[in-house]
Amino acid sequence: MPTLETYKGAYLWKYVPNFTAAITFGALFLILTLAHTYKMYRCRTWYSIPFVIGGFCEPIGYACRAIATHHTGSIVPFLLQAIFILLPPCLYAGTLYMVYSRVVRAIHGERFSYISPRWCTRIFVAGDLLCLNIQSTGAGFLPKQNLVNVGNGVIVTGLGLQVLIFAGFMWCCILFHRKFSLHLRSYGQHVDVPWKSVLWMLYGTSVIISIRNIFRLVEFIAGHESYLFLNEWPVYAFDGALMLLVMIGFYIWYPQQLQIEESGTESMIDLTSEENGPPGDDPSRK
């Protein structure tokens, strides 16, 4: 029977991790990640590499969590599961930012984006890397009893920054969606690709990741003696299950039609006009 063990006189865990749950979630993440890997290779969507890397982190994290069931006093599985489960959303986000940039460029909608697509990717990805670095640094402090509060504070900073970055990203998507839709309606134009479904996929996955980040933010702010830390089910309900939904949603509404020519001047999407009107005019600016 697994029991709680101490590490240097202190408990790393507040409960014995559920072996079955960890194995189940690890297997589900592995299956989905392999499916994403195949789809990325088949569609040549190399901008999905961060998403796939994040996907492979999940089964590693849950495998370490399963190992920790019988080794609750071991620092290695505790630290690895914390890092590999905490960080994947940052990697998922990196791909989502690149998808937005590509959908805008693919439909030649640069002038409808408040931030240049290229700069949008650079800004949000840079912020994402900063969040990744902050959270990984904070996770490294958790096993040290005298630095637990410091680690919590660092992780809270990283999670809070990520929530703000996601809010800015969604604001950027919504404004582009509104302005470009107005342009199409005004001049009777349409695009020969489901660009709206890609944006709705971005909305959905971004909201889900944001909910997860807010959960983690509340968890670390509440502290290690809070209900969220003392019980295991919230981790699976508000992290594991939500990240599975992100992977499923991204797979179903996969942005495989957003291939961009290297020159940046060609598009596989054609704007066709049904009414007369200057295609370069943007009525939303009037």
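Just so you know, glycine gets a Cβ as well, placed from its N, Cα and C.
The transmembrane segment feature in TrEMBL is assigned to 15-35 (among others).
Positions annotated as transmembrane segment by TrEMBL: 47-68 (among others).
Residues or ranges marked as transmembrane segment by TrEMBL: 74-99 (among others).
Beyond the ends of the transmembrane segment (119-142), by six or more residues, the same chain brings 78-79, 82-83, 86-87, 90-91, 93-94, 97-98, 100-101, 104, 113, 148, 150-159, 161-162, 165, 168-169, 172 to within a C-beta distance below 8 angstroms of the stretch. Summarising the annotation, TrEMBL assigns transmembrane segment to 119-142 (among others).
Tertiary neighbourhood of the transmembrane segment (154-176): same-chain residues 86, 89-90, 93, 96-97, 100, 104, 109, 112-115, 120, 124, 127-128, 130-135, 137-139, 141, 199, 202-203, 206-207, 209-210, 213-214, 216-217, 220-221, selected by CB-CB distance under 8 Å and a gap of 6+ residues from either end. Per TrEMBL, transmembrane segment is recorded for 154-176 (among others).
According to TrEMBL, the feature transmembrane segment maps to 197-215 (among others). Nonlocal intrachain contacts for the transmembrane segment (197-215), taken as residues 6+ away from its ends with a CB within less than 8 angstroms of a stretch CB, comprise 89, 92-93, 96, 99-100, 103, 159, 162-163, 166-167, 169-170, 173-174, 176-177, 228, 234, 238-239, 242-243, 245-246, 249-250, 253, 255, 258.
The transmembrane segment feature in TrEMBL is assigned to 235-254 (among others). Remote same-chain residues near the transmembrane segment (235-254) are listed as 21, 25, 28-29, 32-33, 35-36, 39, 43, 45, 51, 55, 58, 62, 85, 88-89, 92, 95, 197-198, 200-201, 204-205, 208-209, 211-212, 215-216 (criterion: CB distance under 8 Å, separation of at least six residues from the stretch ends).
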